[in-house]
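Visitor: First, the structure itself, so that you have it in front of you.
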Amino acid sequence: MRLILLGAPGAGKGTQAAFICQKFGIPQISTGDMLRAAVKAGTPLGLAAKKVMDSGALVSDDIIIGLVKERIAQPDCANGFLFDGFPRTIPQADAMKAAGVKLDVVLEIDVPDAAIIERMSGRRTHQPSGRTYHVKFNPPKVAGKDDVTGEDLVQREDDKEETVKKRLEVYQSQTRPLVDYYAKWAANGDANAPKYRKISGTGTVDEITARALEALS
Ligand code: AP5
Ligand code: ZN
């Protein structure tokens, strides 16, 4: 299974990706997690990316496309993978097409903007694994600690209200056009086109997981 999870910042891509990847035994490829790991490690890529991410803008297509191509060439991607937060621009989607990367499904998670602000302000993350919680909607067993390792949870730098607003604008202008891109491609009967599925991302985490798995079955 090779799939793309498409949705606004805070729509629940990372949360649902964990369940879907476990179910299908495929790796989660989150370009956001990869960039945050580079920031933490202080690599040249991380140093360049940090400023852009903290402003809510997108890292350049060339860098992201290079990262993803390298990642999907790894042996653990041979049986499939899930893209979380990628592609995010038309050139990124075109680069996958041009490289002949065959995708099975594009799954869009649709959540209204008002819910998104509340979700992001309560988000807490376990940085080494990318596991995500919410202080109210999806709390860890012990406040402030990761369920699996017991390590500290942190708040993401780009979850400040001003940055969240900017990220939503960037989503509308640069990423939202991909909804049309994939929906139209699926509708035109091309055998190489991935199927297009859309689910509502409003409800509990479990309800959305059930919807996602049904849409993928
Ligand atoms: P990235 O890390 O991809 O962030 P994003 O797309 O903005 O998405 P988020 O991670 O914020 O949200 P999510 O949909 O994963 O939601 P989550 O499951 O955490 O990108 C960060 C930055 O990196 C970008 O701004 C850009 O600069 C750069 N970047 C990354 N990829 C790039 C690319 N391809 N090209 C260029 N630049 C790139 O859920 C959110 C919260 O809600 C959590 O607290 C969660 O617990 C809670 N929640 C989840 N589900 C529910 C529910 N059903 N009900 C209530 N709460 C819920
Ligand atoms: Zn995420």
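Keep in mind that glycine also has a Cβ here, set from the backbone N, Cα and C atoms.
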Visitor: If TrEMBL gives G10, A11, G12, K13, G14, T15, T132, Y133, G203 as binding ATP, which of R2, R36, R123 does it give for that site as well?
Guide: R123
Visitor: Using TrEMBL as the reference, determine which range in 30-59, 90-119 is annotated region 'NMP'.
Guide: 30-59
Visitor: Three states by DSSP: which one describes R123 (ATP binding site)?
Guide: strand
Visitor: Fewest neighbouring Cβ atoms within 10 Å: which of the binding-site residues A57, V59?
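Guide: A57, out of the binding-site residues A57, V59, has the fewest neighbouring Cβ atoms within 10 Å.
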Visitor: Which whole-number mean pLDDT does the model give the region 'NMP' (30-59)?
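Guide: That stretch averages a pLDDT of 95.
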Visitor: Per DSSP, to which secondary structure element type does T31 (AMP binding site) belong, with helix, strand and coil as the options?
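Guide: Reduced to three states, the DSSP call for T31 (AMP binding site) is helix.
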Visitor: Ligand 2: which of the binding-site residues G12, G14, F86, R88 have a Cβ closer than 6 angstroms to it?
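Guide: Close enough to ligand 2 are G14.
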Visitor: Whole-number Å only: compute the distance from the Cα of R156 (AMP binding site) to the Cα of R123 (ATP binding site).
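Guide: Cα-Cα distance, R156 (AMP binding site) to R123 (ATP binding site): 8 Å.
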